[in-house]
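Asker: In case it's useful when we look at the structure, here is the feature table from TrEMBL:
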COMPBIAS  546-559  compositional bias 'Polar residues'
COMPBIAS  834-844  compositional bias 'Basic and acidic residues'
DOMAIN    582-657  domain 'RRM'
DOMAIN    658-731  domain 'RRM'
DOMAIN    743-819  domain 'RRM'
REGION    546-578  region 'Disordered'
REGION    821-877  region 'Disordered'
Amino acid sequence: MDVDMDVEEIQQLLEQLSNNCYQYDVHVRYIQTLRQAALFDELKDAREMMHGIFPLSEDIWLEWIQDESRLASTKEEKQRVVQLYSEAVKDYLSIKLWKEYINYMIQEYKNFLEEMDETGDNSGEVATLEQVRSVFTEAIKKTGNVVPESHIVWDACKEFEEQMLEASSSDEVQKQRVQKMYMDRLKVPHATIEKTFSDYSSFITKYDNTNYEKCMVESNMFFSQAKRRYYERDHYEQALVASGNALDKYMEYIEFEKKQSTPNWQAIRTLYERAIVFHYLDLSIWENYIFQLIDKKFPIDMVLSVIERSVRNCPWSGDLWGHYIRVLEKEYDSYDKIKNIVHRALSTGMLNNSINELVKVLLAHCDFERRRIRKPLNSENTLNLINIIQESLQTVKQSFPSGDPNYRLEKYLIEIETLNKNLTKARQIWEDIIKAHGREAEAWLRYIDWERFMGNHDGLMENHDEIHKKFKRASQQNTDWPERIFDAWEQFEHQYGTLDSMEHALTFIKKQMKIVAHRRAKNASLEVQNVGSEQVFQESTAFNDTQAGWHSEASQPSKVSPPEISEPAQHPEKPKRDREFTTIVASNLPLDVTEGQLKTLFNECGKIVSIHLIEDTEKAQKSAHIEFAKREDVLAALTKDKKKIGDHEINVYKITEHTLFITNFPETANLKEIFDKYGKIIGIRYPNKNYRAGRFCYIEYENREFALSALEMNGFEIEPGKKLNVMISNPSLKKTRSPPRQNEIFIKNLPSHVERSELETLCKTYGPVIGVRIPTTKDQKCKGFAFVEFDNEEHAKAALALHNTEFKTCLLHVTLSNIDRDHGQKKSTSGEPNNKETKNKDSKPISTPMMPRKLQKPSMRLKLSGPINRNSKTDQS
């Protein structure tokens, strides 16, 4: 490479890192460029800088250590190599690194013995025998339960000790040391256990033949038990290999180990470490690991070590930083340490991509400050806490001007001000919340509940009139769920109202109900006219469907999810709300699943607006409707299909996939009777009978399979000359619904660095490729999926053979694209829906890539770069 080009590239890379040091792939390129230019001093600094921020892969460590060991000639330089090995084995569990570490220590010890024999000088000693054996002990402890590969490390230690015994065969202490190594090893299930037993037999024959029978009988007992345990685990080991080390297989393995009569917690810990090697960006594995260590009371230094590694791998996780703060507080209660962790978490900038993660850290900090106040809270001892909360609110505003949609810090501050009896200040905070969230019924009800709490003394509502006014004010707002406010107001008046206030409330509510119904009918009519007969209506299951412009054949409970309320559309080309495009259904969930578990699973896909859980007691399972802020987030969420929560393999699909759009039926048709045979119908929605554009309706099934089965009714002649049109609802389509051309495939699980030419070369084996579209991040990295268009349907279907094949170490997922390029929405150059109106104000893309992604990870909705493979030295993406 040209020297001038080297210098120019080095300067450019260094400038990028000075602007944002959290760019894993830039660090890698910087190191490789310095290495090629043979700038070893700068290379050393670059590697140390990268390691100060990120954990390093096995390959990067080995390259670094090999470079250092080649240049090491003095005792100090060789001791630095030993220190590098010591640091390397801490990042991830690596058999190869431990083996190299052991070999280096042995070789340095042998070199020292030779030098001693020649010169008698012991000043150059790098590794003493005690230090060598100390490394052996740690290596066997960390790797001994890696069933398929632990023998690689153990054999290296055993061979050294046997060589030491051969050099002094009369050394009884050394003989007992080796014998104990064998006996300890025969208690552990491992892949070469029969060879270990055979080698032990040879060892006893050579060094203790007179006691052969006694020794072998004793060892056979351990051997038989360990061998049985090995075969019990072999099934799980094979499942890991077959699945490509899938996380769910590791979790099944871990659950198996936990169910043993006497669980081996060190073996369980080893399984977590093995899983992390492949799934280091999965928050669930880190959280489960940390909870396990805390629950089983592992040494606190070990717990903190795991938490430290977790935040180095996933610095965007508020939950992991929160664990760090709480564990430090519990064990050390060190103010400076915890303040440093909070500062470190905020200074990474990674939390600025998700308001939810940012607020979690700020709340953990506030909790710590509150718990430091040992006495009952009052206006004097809470001054510092109030300042911390206010600073936290400013931190949120700087990154997210629209604030926290759940106003968690504001509610925290209200509680403190209320305890301090500063009700004027608390009320002002509530008024500020209402200014920002006045269209949310939940905000109004929380405000009113607070007023009720403040006014309720011995069953008497002393501030009844004030609360009555607030209910009236709330009822006049165009909120997302006015019925909740109406119901709460009426119930309040039943409990505390006078005759006059009760009558006034009922009259006012009746009036507002008519206004709401009129507004909904008007919005529905506008949407029908502007979007066409196939626009999905966000109608209400409220108190009067007919007044709202719709009627439903399905019986509805009195209280369901919030109905849609919106002002007349100013952009008639699409609905103001985007739920049909931004909502997925997760089904086959366990009955005890929580919103927190779902947030952990789906949070990386994008900002979650709401989660609505539905329980099916007959099937002993739940389903969930999960709404995201942006359409493209749904693509990432769909990659969670077939993931496991507990023992349940969940199904994830778009909400529209269980809703049918049906046209061309006679007015007398009983559609419920016709379509009920395919499965449970949640509801049938018709337009207002005054609507003349054509007869159509929507039938929503309980799940996708029912809707897909019902597609067989398409073309069914319900009466002479009347053939039903039945299709899966697609709100993006307008008047013409022709089947999409199936000459395009959708490929996901791609690495972040992939070129159009590479995909074209990959696919052209199956037929001529017309075009390749790769949606990219701001820094031009693949988002993890792409579309490839062929000249005809036959060639596209042939290309499905690429499904589950390996491409750049990634296991591809290939399906036919369901996007109709002729009739679908306009697409941006990235291949995403052109939807500027729905831009999420609470989630900002990071301008530079942050961290590598392991294979088969969905595109992170933290707006980071695509997957980076840490197992490659030169291509980390």
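Backbone N, Cα and C atoms are what each Cβ position is placed from, and that goes for glycine too.
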Asker: Could you tell me how many residues in the domain 'RRM' (658-731) are helical, how many are strand and how many are coil under DSSP?
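Answerer: The counts are 19 helix, 27 strand, 28 coil.
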Asker: Work out, from DSSP, the number of helix, strand and coil residues along the domain 'RRM' (743-819).
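Answerer: Grouping H, G, I as helix and E, B as strand yields 21 helix, 26 strand, 30 coil.
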Asker: Counting each residue once, how many in the domain 'RRM' (582-657) are helix, strand and coil under DSSP?
Answerer: 23 helix, 33 strand, 20 coil
Asker: What is the pLDDT of the domain 'RRM' (658-731) when averaged and given as a whole number?
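Answerer: Averaged over the domain 'RRM' (658-731), per-residue pLDDT gives 80.
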